[in-house]
Amino acid sequence: MEEKAEPENTELSDETQENTEVKSQPCEVCGKLLTSNLSSSHKCVHSGKKQHHCDICHKNFSTSDSLNSHKRIYTGKKPYQCDVCDETFCRKGRLSDHVRIHTGERPYYCDICDKSFSRRDHFSQHKRIHTGEKPYHCDVCGKNFSQKGRLSIHTGEKPYHCGTCGKAFSETGHLVSHKRIHTGEKPYHCGICSKTFSVPSNLVSHIRIHTGERPFQCDICDETFSTKGHLSGHIRIHTGEHPYHCDICDKNFSQSGHFSKHKRIHTGERPYHCDVCGKRFSQSGLFSRHKHIHTREKS
């Protein structure tokens, strides 16, 4: 499960929310209570006006606070810290989302299908499954999308660049997760076996090893899986589908992970770096096995 960035134009930023403790008049569109000094900024959310401009990537935002939060991608400033694992975040809302990984809290509940969510933006995306709403519009072909990230994938826009290897991403969340390949950072801890992970979705999937939960079932053979990705890969055994195609050698792959590993044969990319001896590896599995050499040397 990929970690998705919260749409900037759907709500006020964290800094703005902190300033709304004293509420006065309701918004005529959504009924949200606002102080008079925030009324103009909030109206931009509904009107679609994005008058605040990022000079680095040329992205536009509806409020100055949203722009300031966005700029932290480039400055690296992360003023909000988790008291449990010390991970830091550029937005207070991201910290609140992260803390629920430790607490297991899922406060956003769907009345239609009984699913619950730890993050409000994931809940908002989910609701569109039921409503059919597709608010993100492609100006070139007219196609509409339910998620901002899917529109970015469709247009090919990748404004977020890794300063280490130059790889570009369509969403900030993907860039943040990618950077941990280079740093080796694994801030998400399993409370049962102390194993650590670089992204929260991997922790959630891992916990199911302990609980035995396998919520994703194949409609063809009834086999169950702990992650949706594993189910999708399994279904291709039945369909024979190989949707991932290498333009260099014409090989096809049924799973994106296998395709990503294969591409490194052509690019020579070795993103996994050993801090002890400096050796680099193209696959995380090879890197993990290599690290045991150094741990044996110490013992």
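Placed from the backbone N, Cα and C atoms, the Cβ positions cover glycine too.
Look at TrEMBL and you will find 1-22 tagged as region 'Disordered'. Annotation comment: TrEMBL describes 8-18 as compositional bias 'Acidic residues'. The annotation domain 'C2H2-type' is assigned in TrEMBL to 52-79, 80-107, 108-135, 136-159, 160-187, 188-215, 216-243, 244-271, 272-299.
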On the domain 'C2H2-type' (52-79), the mean of the pLDDT values is 82
Residues in the domain 'C2H2-type' (216-243) per DSSP class, helix first, strand next, coil last, are 12 helix, 4 strand, 12 coil
Checked against DSSP, the composition of the domain 'C2H2-type' (136-159) is 8 helix, 4 strand, 12 coil
Most Cβ pairs under 8 Å to the domain 'C2H2-type' (80-107), of 136-159, 188-215, 216-243, 272-299, goes to 188-215
Counting only residues at least 6 beyond its ends, the same-chain positions whose CB falls under 8 A of a CB in the domain 'C2H2-type' (272-299) are 181-182, 184, 261, 264-265
The DSSP breakdown of the domain 'C2H2-type' (108-135) into helix, strand and coil residues is 12 helix, 4 strand, 12 coil
What DSSP reports for the domain 'C2H2-type' (80-107) is 12 helix, 4 strand, 12 coil
